[in-house]
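According to TrEMBL, the feature active site, proton acceptor maps to 254. What TrEMBL records for 24, 129, 164, 254, 257 is glyoxylate binding site. Per TrEMBL, FMN binding site is recorded for 77-79, 106, 127, 155, 230, 252, 285-289, 308-309. Summarising the annotation, TrEMBL assigns domain 'FMN hydroxy acid dehydrogenase' to 1-359.
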């Protein structure tokens, strides 16, 4: 397969996958304005490269919650990966581990925390949806701990599922040969066929709409794992996340699948970074398809980024090898962007390396 960039995998996935599955992965909420904006916003940020810097050695390594990784590019939680490829989350876990980076496993994975742990060593986070039955939540968190997962990414933007019209049209449901493996033993692993989105009905029945900041504190009483709050888009919520004891923040609009007409995550990032005042690391997901996007996010204050759709599309196209290739291409592009911008390490990437269309006219310092 002659693939030269991350975006090319989407067309291959569209060809290979059943329409219901491709649409589930690809679509956003309602008018899909935010879906397009997540990508478009990156193109409104330009570089201010510094030249004649010795870039013969470039160090992309970083630490996330104390864990050393090879690059600031990690894997976001995406649900039901066995719909994309028979090896599903197993393949993704192996690819992440081979790349020396972090994989986040979705609550709604088609492989369990134990199965993913069995693929071998690797730093893994667990994404958590809070169910109405808190015993289910406590049990799941304990299993993730026992399986060696290192952090909980708590999704906070889904008291109800966003309106994804492709899923309604397709009457989306999990294919009969698959289950939500983490819930199998609790009789919560199957999704009923409905007249609209089977996932929306499942969420309405199981996920707790009353979730609030006090639950972030409750979670800390049942686990010693650090908690990342995933789904923050405002300074106000960033401050509350820090107050509530979050170990980190993920600026995310859920891949533009929840509330349409929220800003692109790259547009919301700086506000959240400023409000968190360096007290916790801030990460970003949504719309990252190029190494240049990674650099832009870091220049605006992110400690790292997570990719979602590129993982499921490359998984559909070429299994584990596809996911490995996506991580490698992003790594190579990011390294090249650093070199051409005159940055030898992540700490050398600064706000001065970019200009955005929302910056006031720049006063250039005189030498």
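Yeah, the Cβs are placed from backbone N, Cα and C, and that goes for glycine too.
Remark: residue 285 (FMN binding site) has 76, 230, 250, 251, 252, 255, 265, 305, 306, 307, 308 as non-local neighbours, by Cβ distance under 8 Å and separation of at least 6 in sequence. Around the Cβ of residue 287 (FMN binding site), a 10 Å sphere holds 27 further Cβ atoms from the protein chains shown.
Counting only same-chain residues at least 6 apart in sequence, those with a Cβ under 8 Å from the Cβ of residue 129 (glyoxylate binding site) are 107, 108, 155, 158, 207.
For the pair residue 309 (FMN binding site) and residue 257 (glyoxylate binding site), the C-alpha distance works out to 12 angstrom.
Each of the recorded positions 164, 230, 254, 289, 309 was scored by the number of other CB atoms within 10 Å of its CB, and the largest score is that of 230.
In the predicted structure, the domain 'FMN hydroxy acid dehydrogenase' (1-359) carries a mean pLDDT of 95.
Separation of the C-alpha atoms of residue 287 (FMN binding site) and residue 257 (glyoxylate binding site): 12 Å, rounded to the nearest whole number.
Spatially close to residue 24 (glyoxylate binding site) yet at least six residues away along the chain are 80, 83, 164, 166, 167, 170, 172, 199, judged by Cβ distances under 8 angstroms. Put simply, of the binding-site residues 79, 127, 289, the one whose Cα is nearest the Cα of residue 257 (glyoxylate binding site) is 79.
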